[in-house]
Amino acid sequence: MYDPHEIERRWQRLWDEHRVFEPIVEDRQKFFITVPYPYLNGNLHAGHTRTFTIGDVVARYKRMCGYNVLFPMGFHVTGTPIVGLSELIRSRDPEIVEVYERYHGIPRDVLYTLDTPEKIVDYFRVEAEKAMRSIGFSIDWRRKFTTMDEHYKAFIRWQFELLHKKGYVAKGSHPVRWCPNDDNPVEDHDILRGEDATIVEYVLIKFRLEDGTVLPCATLRPETVFGVTNLWINPDLTYVRASVRSPDGKEEEWVVSEEAFEKLQYTERQLARIGEVRGSELVGSEVKNPITGNEVVVLPATFVHPDEGTGVVMSVPAHAPYDHLALQDLADADLSQYGIENPIKSIRYVSLISVPEYGEYPAVEACEQMEVRDQHDPKAEEATRLVYRREFHSGVLKEVCGRYAGMAVSEVKDVLTRDFLDEGHAELFYDFSERPVVCRCGTRCVVKMVRGQWFLTYSDTEWKQSARECLAQMKIIPPEMRVEFENKIDWLKDKACARRKGLGTSLPWDEEWLIESLADSTIYMAYYIIVRLKDRGVGAKELTKPVLDYILLGDERALEHVPEQHRAAVKAAREEFEYWYPVDLRTSGKDLVANHLLFFIFHHVAIFPRDKWPKAIAVNGFVSLEGQKMSKSKGPLLTLRRAVEEHGADTTRLYILSNAEHMQDADWKSENVEAMGRHLQRFFEWAREIIASHPQRSESTRLDRWMLSRLSRHVRETREALEALQTRRALQHAFFLLLNDVRWYERRGGRGELFTVVDTMVRLMAPFTPHVCEELWSMYHEEGDFVSLAPYPEHHPEHVDEEAEFCELLVREVLDDITNILKVAKIEKPRRVYLYTAGDWSYTVLKEALAHRSSLDMGQLMKRLSLDESVKPHMKEAASYLKSLAKDIRSMDELKLSGYVNTGWNRRAERELLEEASKFLSRELGLEVVVDPPKEEPKAALARPMRPAIIIE
């Protein structure tokens, strides 16, 4: 009886009892792998399952390859999300209660008890470990910790003291994501919605009314100010008249939307509300372009959103498709309600950028080429992206741009912006690239210019250079992600590293600040090595700077300051650190490339010597649920525990690992998971039967050699795939394609090598489906002998038999051809199949063509063939065959090509093969199969090597 849950429980218990995954320092090569520790504001879900299972597969594979593997795990709890969650639970927030009851599977009465951060941490820490144990991760659980453990805090304080000393932590003013409710900076882990939003620098161009009042327009393309024809304002909105004092002390009156007024209060400006004005009152006003001096008109546009920029938009119709379309849509509008005549016909477009792909007016041409109907047409967005991209990459400013004429669009922004700022015509304004951005507490976030905030100075040029050097010597999987890392290092700016609320470690030199949750999770891989100091009697208060300087930096002088009673433990920790570090592989989801993985590199190069820098990073995609994006805080969600309870650990692993590769996103579909479970059960029952019957080898046949050859090829492909972390490809060869070959072997009557196949498959599959493989392994090994510690199968080149594979390919193709003919021809009551092999001359033609396949000069080949006595009588057929060969050889299967070349294939060999296979073919078809019968058949002339003529009687 196949009971996956019983099998899983048994082997998880035995792994624990025998301490299978608890490595010690020893005299063999180590492999240290880590995955991101999970954040404990909910149960682990299928997204965690993918990243963690990839890590576990690598750990298990390397262990079976003879490495001493360390695969530890901890729990991340610092920051504000857990505090915010406890507040929402305390207030019985209906949305949160529903999500955690429905998707996380927490009974309401239990959920209501989780009303403090400490209770949440205690609950989910236990649940997370249970979940990871239930799926069979080969983790060394002796090293577990949370980021609120006192020992960990001592480790983090040591890191930040060192960063501060090196000048990598500084105070300053910077724009940060900010939660007005928490009164704290907001980092990626704190965001409920808008997690992909970035902070964008806008230039506020100060257009002025006749009385000097400023209508500031936010733009990402300040160079286009030379082409402004009008401003857009929403006539239905009420705008705020505000007194604005800039940081330089200059005071002006601005008109902005209510939303912009709120956002501006979080900048370094001082604002006071003077009054209000309806947008409709501003329509028809003339404003002065501060750069060109031209007067332009304010026009109505209900598409202007009050939350975008300032609620006032400058219009550049020659280069902005939406502006061009809006003017077209307004062309025949009656504007008398605003007390003006429609001025559209008098507006003249200004061409300011020369771009090779377009003429004078790129926006107009793009709309015409793409047949964009109006501003509501979805193609308008595509046209906008296309124009902006082309203008940025190949655009050059025209004479109308004055002193900036001739400059590339891609290079002019910084120069032009600096000039506009110096001349008082513009100011900088920071906002999100997309909206809304919502904190986990439910409050809408803003961009705040923070003074006196502690920052990590990632913009430091020397620090960046060290990060680049580290990246250059690292292996990045998949390789195409290297450019992404390089770009992210170049673009990375200073980051806030402290907050005043939440869980965390105090800054050692400024204790009113708590170290931010992304900043305290950068080098914790080193903490896995030293975490066991607490088991050796070293308390958190005794984890001092000298202790950590000695263990982590090898400072021998620091050892003098370590208390005598702790020196043995500290020396042992140093020995472990020297042995295990650096990290050999860090595997993570792609969402962490822009933050955690970058910081991981930066902090390692800042803290550790070059020989302790990380060696490799692997990145994988996400997991969706029945086509929908999963969310811990909003749903839908499939927890890891539920997946295992419903489908079993090995089925869950097998599905998630075979569903997608590297950066591709996987999709969890219950129907497909159930089918995968049936696949696994069939494999288990088949393997169990083979183990029980243990088929004996007799004299090796060509079919046996074929099976061993295919097996060896699949082993090679599996190992190559695993080295590249291609789990889908690895499983194709270790499981699906190999089982296809086994089925063919059994159909052909093969049995002698089945036990060898099973033994190899059990070890091949052990990293992927460890419980099932341990169960099968135990059926023919002694108690205490674990497949998890058995040698991984090796590729045996001597087992590769091209001739055997070539022969089986012919048999399979002949069977397929006969089957297809019977299906298409619909012959009633067929009795017999005749197979006619090709004439000897055709094998000579094939041999010559293959010998000269690099050039395939038809004239020269025909000349050579005309000298061959067997070919001479068939020159016409030879010419026709040679012509078809020229095309076939280019697309020919590598196995078939090498088979032809290396086996010396001829008519006699093909006839013998078909005669040997005739019994099998007869059995499969239910028809008598006769090879090269004596009676003549005109159609026999159609036969070619490996393609016998097929005549059905």
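Glycine is no exception: its Cβ is also placed from the backbone N, Cα and C atoms.
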Which listed span TrEMBL calls motif ''KMSKS' region', if the choices are 164-168, 499-503, 629-633, 649-653: 629-633
16-26, 38-48, 390-400, 797-807 - the range that TrEMBL marks as motif ''HIGH' region': 38-48
LYS632 (ATP binding site): secondary structure state under DSSP, collapsed to three categories: coil
Composition by DSSP (helix, strand, coil) of residues within the domain 'Methionyl/Leucyl tRNA synthetase' (574-673): 47 helix, 19 strand, 34 coil
Packing count at LYS632 (ATP binding site) (other Cβ atoms within 10 Å of its Cβ): 22
